[in-house]
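One structure is given below, encoded as structure tokens.
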Amino acid sequence: MDNLTLSYRARVAGTVRVPGSKSIANRALLLAALAEGTTQLDNMLISDDTARMREALTELGVMITEVDTVGAKCTSVKNASEKPQVENLTSLQVTGLGGLPAFSGALSLFLGNAGTAMRPLAAVLSASSGEFELTGEPRMYERPIGPLVDALKSLGADIEYQQTEGFPPLLIRGKELQGGLLRVDGSMSSQYVSALLMLLPLLAGDTRLQLVGNVVSKPYIDLTIAMMRSFSARVEQVNEREFFIPGQQQYKSPGVYWIEGDASSASYFLAAGAIGQGPVTVEGVGSESLQGDRAFADVLEAMGAEVSWGARSIRVAAGKQDLQGGVFDLNHIPDAAMTIATTALFASGSTEIRNIANWRLKETDRLHAMATELRKCGADVVEGDDWIRITPPPAGANGLRHAEIATYDDHRMAMCFALVSFAECGVTILDPECCKKTYPNFFADFSDIVYSN
Ligand SMILES: O=C(O)C1=C[C@@H](OP(=O)(O)O)[C@@H](O)[C@H](O)C1
Ligand SMILES: C=C(OP(=O)(O)O)C(=O)O
């Protein structure tokens, strides 16, 4: 489908269960592959990013099969009485390697534009046996990986840039790495830190990992640590900038691992509840979520929406007054922050989103793309180096105009502009299928909830 026109919807109310988290799914696949024992991953996300990780692991000799989960139990959820009732659950069974991959010969792995596959696999394969070429889509070759490669090289890794210094594609000649004192610059992406953390327990020696620079997207590091612990690894956080990771560990399968609903995917529906009266309830993510993007709901609340929390659900409705703009530092929720940019079209006054420099390093230059497309809708937008300020037209959402939104092969550009359909002008999304990176069924789910008054 080349484009999709979403016509005006005045109101929305209903319930949606969001698919599994991309960040959790790709970590769980990798940890299960490295672990001793077989892991059943319940509520698996089926999307481009998880397909890339799954294919790569399969090529590396990991056995991954779909399992029949009729009657599957959500055993990894803490409170069994709140066990989610899930239909169409996809579960995978991963037979762990019980350590790092040992591959004889050379392998080329295509990782698309999945940062959560490229960065962790670059780390893990540097310490595995075999020769690995890591390739991807053209945009992946513009997304920096230098700080991670520098850190790995400081441990003795043999990694070559095949095209441009500091960027994929990479040629990795795997070799045994010892650990030691390791520094990594986390100012462009937290994924470098997460990638190293997941590798380090498997090295022969202990490692002291120090973070340098203004580390971005910190909740994703907490997520990594929580998940490593679920797979029985020991990680000590010495202070905000230092971790101690003992070597010679082994990940162990937790048996069944439940993949939470995706909190970034939840943001589109929660914002819809705030703009289109609501209430909208999102199931699959709640106060017990491991994902930092659950804090998106706090931003909606600060803008005036009514938010109520369950352990694994969030409900949002419009507040008594209109949504208000404001100034928000959203470094901790870079993905869901994009949804605030389009929510801003429905708020009074200006909304300024700060500390989002790394928007420029993701699926596209998101600061530039966002500013360009919001202007097409009639907003007044100022784009700074690491911030964006959005002011709706003087007549508010009534002053917005219909636009054909270019999506830049960026799933989140497509999904967050769906909210413009709460303005009378409606909206046309070009190449809506790019949402398959993390949420192939997004527009069908969005229409369902929009109709379910
Ligand atoms: O670790 C993760 O799962 C992610 C970390 C974030 O990236 P950065 O750390 O590069 O901001 C986020 O934007 C990405 O979608 C997923
Ligand atoms: C930045 C994102 O993806 P990636 O994991 O490829 O970095 C994203 O999903 O918004």
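Note that Cβ sites are derived from N, Cα and C of the backbone, with glycine treated the same way.
Any TrEMBL annotation is an automated prediction that lacks curation.
What TrEMBL says about this one:
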type	residues	note
DOMAIN	10-444	domain 'Enolpyruvate transferase'
BINDING	LYS22, SER23, ARG27, SER189, SER190, GLN191, SER217, ASP335, ASN358, LYS362	3-phosphoshikimate binding site
BINDING	LYS22, GLY115, ARG143, GLN191, ARG366, ARG412, LYS437	phosphoenolpyruvate binding site
ACT_SITE	ASP335	active site, proton acceptor
Pairwise C-alpha maximum, in angstrom, for the residues (LYS22, GLY115, ARG143, GLN191, ARG366, ARG412, LYS437) that bind phosphoenolpyruvate according to the record: 19
Residue from ARG27, SER190, ASN358, LYS437 whose C-alpha is spatially nearest that of ASP335 (active site, proton acceptor), among the binding-site residues: ASN358
From LYS22, SER190, ASN358, the binding-site residues whose CA lies within 10 Å of that of LYS437 (phosphoenolpyruvate binding site): LYS22
Coarse DSSP state, helix versus strand versus coil, of ARG366 (phosphoenolpyruvate binding site): helix
Secondary structure of SER190 (3-phosphoshikimate binding site) (DSSP, helix/strand/coil): coil
Between ARG143 (phosphoenolpyruvate binding site) and ASN358 (3-phosphoshikimate binding site), the C-alpha gap once rounded to whole angstrom: 10
Listed binding-site residues adjacent to ligand 2, that is, members of GLY115, SER190, ARG366 whose C-beta is under 6 A away: GLY115
Sequence-ordered binding-site residues from LYS22, ARG27, ARG143, ARG366, ARG412 with Cβ under 6 Å of an atom of ligand 1: none
